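Reading through the structure tokens given below for one structure.
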Amino acid sequence: MTLPRSSRSVDLDGVQPYTITIAPGLLADGARLAGHVRGRHALLLSDSQVAPHYAAGVRTALLNARPDLQVGELVIAAGEASKTLETFGSAITALAELGATRDACVFALGGGVVGDLAGFAAACWMRGVDCVQLPTSLLAMVDSSVGGKTAVDIPQGKNLVGAFHPPRAVIADTDTLRTLPPRELRAGLAEVIKYGAIRDPLFFQWLHAERRALLDGDAAALAQAIARSCEHKAEIVARDPLEKGERALLNLGHTFGHAIETEQGYGAPGNDNLNHGEAVAVGMVLAARLSAALGMSDAQDTEALRTLLHDFDLPTEIPPGLTPQALLARMRLDKKNIAGRLRLVLWRGIGKAEIVPDVEEAAVLEILAG
């Protein structure tokens with residue numbers, strides 16, 4: 001099935017605008033890829049799951065379009081466990097060995113981990129070089145590749161070391177979703193559902209109606225979901241690129257979810273720990289339950305969200321073995337907190353997310369205890 005090309009410009013105050021392009025076959029478009037390299041050096045950063053499928057093709061496309069390019073490659077182990085300061089150091093070393101100058105470009109070929117790591121390396125090398133995001137997972141296409149957040153994890157918490165570094169471009173080749181494992185597809189759908197939950201009730205309803213097509217990987221349904229999700233994120237990011245206010249709404253479920261990920265030691269291919277999308281799914285349900293407990297919303301909306309996530313084969317309960325006290329301790333390190341007080345994204349029902357400062361820890365503990 002041939003999908004229409006979709007593009008969306010993100011215009012940020014005081015920052016170079018960039019375009020999100022969504023279509024099949026984009027990784028073979030060497031002229032488009034190489035057109036974003038201002039100098040002669042490019043680093044292609046990918047992971048052990050994605051590189052065997054696409055890295056050689058991207059390298060060939062770049063060199064066919066620009067034979068003068070010096071293209072370095074770095075392949076990291078797949079999974080959140082690679083998003084570390086050590087792996088970040090490997091990316092910096094790769095740039096140094098390439099002889100990359102300030103007009104170099106880093107290409108992030110992979111999912112959210114690769115995008116975060118490559119973006120952070122680009123932000124730091126010589127105080128900032130270009131980064132082009134080439135997302136290959138649904139989660140990266142609809143969330144992490146858009147907006148310029150880059151980071152690595154440390155044992156104390158997720159994404160605590162990072163920078164805002166908007167990409168030069170986001171080029172999402174939807175053909176890459178054909179090789180995406182079903183679990184990773186579902187993880188991406190959790191972030192898609194988030195957009196309906198925070199600001200688009202009609203999209204929430206559409207997702208319910210199209211759930212079977214989306215789970216089956218129907219190309220047309222996925223293209224529509226990706227485009228709608230990117231529209232929502234781009235609109236918010238353009239108004240609040242540095243997350244001083246409204247952009248925090250995009251974190252519905254993330255404070256709870258990040259606590260789960262950190263306490264489990266982060267997910268990795270082949271283990272039973274929740275991946276990012278799964279943890280966010282659980283986190284959204286917890287946020288909805290807390291909202292109802294605080295009198296902000298009703299139980300009917302909470303159940304509608306839980307049911308939709310369940311229908312997409314996503315978890316909705318805290319995994320066994322995680323204590324409320326341990327999760328709360330992780331939540332205290334969340335970047336949205338102010339003056340040591342919990343600041344959470346909650347909601348007043350489907351499509352009506354809200355930033356709530358100074359949430360009482362006792363109320364959170366009660367929700368975490370179930």
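In case you wondered, yes, glycine gets a Cβ from its N, Cα and C as well.
Binding site for Zn(2+) per Swiss-Prot: Glu191, His254, plus His276 from the candidate set His208, His276. Same-chain residues with CB within 8 A of the center of the Glu191, His254, His276 CB atoms, the Zn(2+) site residues themselves not counted, are Leu139, Asp143, Ala190, Lys194, Gly253, Gly257, Gly277, Ala279, Val280, Gly283.
Among the binding-site residues listed here, namely Glu191, His254, His276, His276 has its C-alpha nearest to that of Asp116 (NAD(+) binding site). Note: Thr179 (NAD(+) binding site) has non-local neighbours His53, Thr136, i.e. same-chain residues 6+ apart with C-beta under 8 A of its own C-beta. Ranking the binding-site residues Glu191, His254, His276 by the distance of their Cα atoms from the Cα of Gly112 (NAD(+) binding site) places His276 first.
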